[in-house]
Amino acid sequence: MNCFSDCSTTVSLVTRQTLELWRGTMKEVGGKFGTGVLSYFKFLKWLLMFNIFSFLVNFGFITIPQLIYHPTPDIPTGVSFKGLEILTGAGYFSHTVMYYGGYSNKTQGTGGWPEYNMQLAYFFTITAYMVLCGAALIYSMASSFRKKYVLADSGLGGAWQLLCSWDFSVTNERAVRQRKNNLRIQLKESLSEKVQVALLPLTERLKHYGVFLGTWLLSTGMALGCGASVYFLQSADKASGSLLEEAATLLLPFVVSLINLVVPLFYSLFKKIEHYSNPRMQVYAIIVRNVILKMSILGILCYYWMKDVANTFSCWESIVGQALYRLVIVDFLFIMLGSFFGEFLSNVIGTKCIQSLGVPEFDVARNVLDLIYAQTLAWIGIYFSPLLPVIQIIKFFILFYLKKVSLTQNCQPPRRAGRAAQMQTIFIAILFFPSFVGALSMVAYTMWTLPPSDNCGPFRGLNTTFSAIQIWMDDLNGVDGFQWIVWIYQHVIRSEIFYFLVSLIILVFIYIFRQITQGRKLLIILLRQQIVNVSSSELSGPKCLVHQCCCV
């Protein structure tokens, strides 16, 4: 029995390790480049799981029923696949289940099939997916915050870095030497931060504050200017008719991706004139500027889609879905170009032409922000293009191996790898806000406020998408045994008092958990002080005995 138990345990362990995606590659990256770079690939894998789950849910509850009852799409006469649709998402694809307009608004169930309400399926599938994503993000953010900030002791400083910060996943000899050098640099930076703050006179501090103000005004102005230029380019992103007009729709995503590639490189030049006493603040400044830039552009695009496109085109949801499809595709192409020009050519120049530049570092922050931007596009497009997660899955699969090859061939570990690893909580927080919250606001505004198209989609003819729920409640009100569902809908879900009480309960729980956390931190401080007192008494005991013996 023991032999059978051991064999079954071994088989289950091997099976679990085999089924775990990219396990060997993750260990290889962590062994050569440390946990800082590894955090990027773990983040990419985490987002890939989001999109796989989204695809399975949408395909299972929305697309498969549509294909069962309507296996052939309604393609107009004269429309055929030309190949350009792979880049533009328009043309032939615009009449398929790829977009909102390809789904029926009827309750399916003819020909002996069971009834299936496409309106309710579409609404509840999108809603359930967004709720589950929000819950997963909140849980991950809270867990990471507890480990990185609540349980971490910021008072240990250099002693913690010296004694407890070694990355034991590193096994490569060259990487070990690099980590030792990195640790030495981090200790020097940590020790010099307070000295720099203390040595700066008042005039120098005022000068630095003026430089900070100027760079922030310039970066914010550039973000707003880029958003305005994107808004004025919207006229090129119109419904495609001829092949030339269809190709012209790629102009807008090209400009957007070019801005997201070039402007962050310009932001990185600010570190030449900015002199932060804390190097971590410099990384935070770069992240915040990039987030402002990307979210400003997405905000302008969403405003245009909701205000102009929704009032201009007959099937405007599919037009928005096509625009998001093009943004995802062109962003992927620019990421590949960025890996070639930003990493491969930098490696060639640094090792062959200008050897003083050296081998480029893998920029964890910039690459993670690119992933957050790509996932934001997928979340916004979940309502307008239910199968957009398929494109995102393919994109992330290719991107994983592309970045892995580029990393091993062209890059070295970043000098602040330990700091990059500690910023995982910041990345998850940015993914939640403004990324997920902004996408959720966009989808919620579309479903609760904007009138759907009259000629396409599952909600055609309704005042809003949410009107499908009211129609369903009216139907249930006449069915015996379902009046309790109607009562909950009318007196709980549509009641402001219910949401007020839920918010109040959440605030009470937050306050209770905060008090528990503060109590635990105080208890840890008291226990540490007690350890110090016990150690001092043990050291002073032998000294007293020696003194007494000498006196005798």
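Yeah, the Cβs are placed from backbone N, Cα and C, and that goes for glycine too.
Just so you know, TrEMBL annotations are computer predictions that nobody has curated.
Record features, source TrEMBL:
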DOMAIN    315-421  domain 'TMC'
TRANSMEM  46-69  transmembrane segment
TRANSMEM  120-139  transmembrane segment
TRANSMEM  209-231  transmembrane segment
TRANSMEM  251-270  transmembrane segment
TRANSMEM  282-306  transmembrane segment
TRANSMEM  377-402  transmembrane segment
TRANSMEM  423-445  transmembrane segment
TRANSMEM  497-513  transmembrane segment
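Residues 252, 255-256, 259, 263, 266-267, 270, 273-275, 289, 292-293, 296-297, 299-301, 303-304 of the same chain lie 6+ residues outside the transmembrane segment (209-231) yet bring a C-beta within less than 8 angstroms of a C-beta in it.
Between the transmembrane segment (120-139) and the transmembrane segment (423-445), the number of CB pairs under 8 angstroms, six or more residues apart, is three or more, so the stretches are in contact. Nonlocal intrachain contacts for the transmembrane segment (423-445), taken as residues 6+ away from its ends with a CB within less than 8 angstroms of a stretch CB, comprise 39, 43, 126, 130, 133-134, 137-138, 140-141, 144-145, 148-149, 283-284, 287, 291, 295, 298-299, 302, 306, 364-365, 368-369, 372-373, 375-376, 379-380, 382-383. If you average pLDDT over the domain 'TMC' (315-421) in this model, you get 86.
Shown for the domain 'TMC' (315-421): DSSP residue counts in helix, strand and coil, namely 83 helix, 2 strand, 22 coil.
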